Amino acid sequence: MHEMSIAMSVVEAVVDKAREEGGGKITGIDLVVGRLAGVEVESLKFCFGAAARGTLAEGAELVIEEPEGRGRCEACGAEFPVTSFYAKCSACGQFRVKIESGRELAVRSFTIE
């Protein structure tokens, strides 16, 4: 389960930044996890609680935005939603689709007291 390592990395990064800023307890963390990122969001939420235990992030509210996958056909230029990396163009039927978004995995912001 790589969600635990992701949760641990998020906690470490946010706690380190909070300390740099001279802040106290972290009360909220906003993440962006694209639907094509290969992350089980519910597992990540569960793992976050364990990873944050005993840190400045313990008890912080975790808010996760899940942007949809978007692709652009390299044959005809059409843009459309995709649910996998092996997408067929909805306009011309070609399989030459470049994934434009949906793979995001980032801390958008966090709140400290």
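Think of each number as a place in line: the chain as shown, counted from 1.
Glycine residues also receive a Cβ, built from the backbone N, Cα and C atoms like all the rest.
The structure displayed is predicted, hence computed values, not measured ones.
Here is what Swiss-Prot says about this protein:
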type: BINDING; residues: H2; note: Ni(2+) binding site
type: BINDING; residues: C73, C76, C89, C92; note: Zn(2+) binding site
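For H2 (Ni(2+) binding site), the same-chain residues 6+ apart in sequence whose C-beta sits under 8 angstroms from its C-beta are V39. Around C92 (Zn(2+) binding site), the C-beta neighbours below 8 angstroms that are at least 6 residues distant in the chain are C73, A75, C76, A78. Apart from the site residues C73, C76, C89, C92, the chain places the Cβ of E74, A75, G77, A78, S90, A91, G93, Q94, R96, V97 no farther than 8 Å from the centroid of the site's Cβ atoms, the recorded Zn(2+) location. Just so you know, the Cβ of C73 (Zn(2+) binding site) picks up 21 other Cβ atoms within 10 Å once every protein chain is counted. It is C76, among the binding-site residues C76, C89, whose Cβ has the fewest other Cβ atoms within 10 Å in the structure shown.
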